[in-house]
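Colleague: Encoded as structure tokens, here's the structure I'll be asking about.
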Amino acid sequence: MRLSELTHPNQLHGLSIAELEDVARQIRERHLEVVSTSGGHLGPGLGVVELTLALYQTLDLDHDRVVWDVGHQAYPHKLITGRYGDFNTLRQQGGVAGYLKRCESSFDHFGAGHASTSISAALGMAVARERRGESFKCVAVIGDGALTGGIALEAINHAGHMPNTPFLVVLNDNDMSISPPVGALSTHLNRMRHSAPVQFISDSVEERVKSLPFMGGELPAELDLLKGSMRRLSVPKVGAVFEELGFTYMGPIDGHDIERMVRTFETAHKVGGPVLVHVVTTKGKGYPYAEADQVGYHAQSAFDLSTGKALPSKGKKPPSYSKVFGETLIKLCQQDSTVVGITAAMATGTGLDLLQKAVPEQYIDVGIAEQHAVTLAAGMACEGLKPVLAIYSTFLQRAFDQLIHDVGIQNLPVTFVMDRAGIVGADGPTHQGQYDISYFRAIPNFTVMAPKDEAELQRMLVTCLQHQGPAALRIPRGSGEGVPLLDEGWKPLAIGRGEVLCEGDDLLIVAYGVMVPAAMITAQLLQEAGIKATVINARFLRPLDQALIHPLARRIGSVVTMEEGALAGGFGAAVVESLSDQDVLVPTFRIGIPDQLVDHASPQQSREALGLTPTQMSERIQEHFCLNSKPSLVGQEAPQALST
């Protein structure tokens, strides 16, 4: 069958193993063709091609439910659920999303982007099924990395206490860190244990013992213990863990052997309770460069298929904020042995991979465990260490309670570096870092800041480490401004002090973080229109520099705030509240992300859709304040933005 003719996963039913293997080959070819051109997640999807086909061979996706954890491995799923023709629009504005979205396809049964949610969601579907008296199958597919997440373990614990609820978890183990060898012994034990005769004998013996008059219908504790011990003898050590939690364990099996997986899934569907099928796959399967470097090819920008090398970018770019942070932290760690970098399975994305190589003894990776990472850092701070937790803005929101309960309330000196703060682009609404300003504003004791460029980032990192309390620093995705950097000798900033970058008497612009350079360009455009603006680099969200902002706002009389974050409870709201509390009642226009989601597109396209480019902001400001006439208190509606 030609992949282009596959518009419904049920078309896989009845295909021979050879035909399924040919479909797998076509999926890999299309996957590589598109990702090498447009960029995206590469290794995860290549590793689950056979798993996807084998699983869907045993399901009716018009009725059954499959929840893919995270969703970055679901490109094969998309290719066989009616999106083959549009797959070349992957992660592009208006095109196929890089993750699963319920609004994109009826076969995307649950949306995601963050790890470890699949088991809870699929179990919830199974609970709803049981309550309605229906009979569709519910499956969660989760990777071994995501299984380290607390919510996944909580869901397994819950499912194990529902012995009569049919429910399947497929563990996609592509690391082999928790797997024993896949071999004949495992195959034999698995086949024997789950064969019909063994199941019959086991059930029959138990029923016969319970029927004895003197047993009272109960299995003696000694016999129950013996039965459990005998069961564990036939299960690999990792499987015994799941068996103890109430699951029937099958595996490990070869995740690229379609025939064997089909047989195993068919058997699993017949079990009347929770089942975990342990499948061992190779991340990047079928593309040698991705198999050899599974971390580097997890996700890729556009690359040359023949060499595996990224296509050269247009012009030389300044180093990214992440790289500047990582290199600066290395030097600070070398100067102070109490400084420790912490990541939650995102070392490469945050720049901490540099620290891992340079000063490994001052580096910790806790896995996908954001809540644990925050409280671990709090405990370290109690004992005199200076933990620096580098984490994506969107992932830190998973640990909001820990920020308040374990760090904020106790006023502990923990530094949080929120990478990918603001608009991130093609990963879409699950990954936009638009909420950290709002949620950090609400936590007492925190000092919160954002740099205007990479040099100010260096000074802010030093400021955080010298501060005797919790501090948070937000940095954007992508390259810096190209300003000169110091190799050492960074001076800390005065807490809560902003700076004036240019002066004018017609308008006051107060900008935060990545919006400061854009504010300066906007001020130049306004000056060309005859409007002279004062621009403040706020630097700090908490505490806000009221001594600088209030007198200028009172004198100039018109204020604009700029932020790359949610307007609801954001930086602009902080400025407005501060002015209002001190009876500085001046017209204020807030520019930022309105109350909506930001869909997948390039960062530039997202900013254009949100009205956040300098040209657009200049025009919006002039419209709002009616050029040079008396400012209006009534703002114009923000431009229509990308939303889901």
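Note that the numbers count up from 1, one per residue, in the order the chain is shown.
Keep in mind that glycine also has a Cβ here, set from the backbone N, Cα and C atoms.
Dumping what Swiss-Prot says about this protein:
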type	residues	note
BINDING	His72, Gly113, His114, Ala115, Gly145, Ala146, Asn174, Tyr287, Glu370	thiamine diphosphate binding site
BINDING	Asp144, Asn174	Mg(2+) binding site
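Please go over these features one by one and say how buried each is and what sits next to it.
Modeller: If you take the C-beta of Asn174 (thiamine diphosphate binding site) and look for same-chain residues 6 or more apart in sequence within under 8 angstroms, you find Pro44, Gly47, Gly143, Asp144, Gly255, Val280, Thr281, Thr282, Lys283, Gln294.
Under the DSSP three-state reduction, Asn174 (thiamine diphosphate binding site) is assigned to coil, being neither helix nor strand.
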Colleague: Which whole number of Å gives the largest C-alpha distance between any two of His72, Gly113, His114, Ala115, Gly145, Ala146, Asn174, Tyr287, Glu370, the residues noted as binding thiamine diphosphate?
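Modeller: Output for thiamine diphosphate binders His72, Gly113, His114, Ala115, Gly145, Ala146, Asn174, Tyr287, Glu370: max Cα distance 32 Å.
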Colleague: Reduced to three states, what secondary structure does DSSP give Glu370 (thiamine diphosphate binding site)?
Modeller: helix
Colleague: With every protein chain in view, how many other Cβ atoms are within 10 Å of the Cβ of Glu370 (thiamine diphosphate binding site)?
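Modeller: Taking all protein chains shown, Glu370 (thiamine diphosphate binding site) has 27 Cβ neighbours within 10 Å.
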Colleague: Among all protein chains shown, how many Cβ atoms are found within 10 Å of the Cβ of Gly145 (thiamine diphosphate binding site), not counting that one?
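Modeller: Other Cβ atoms within 10 Å of Gly145 (thiamine diphosphate binding site): 20.
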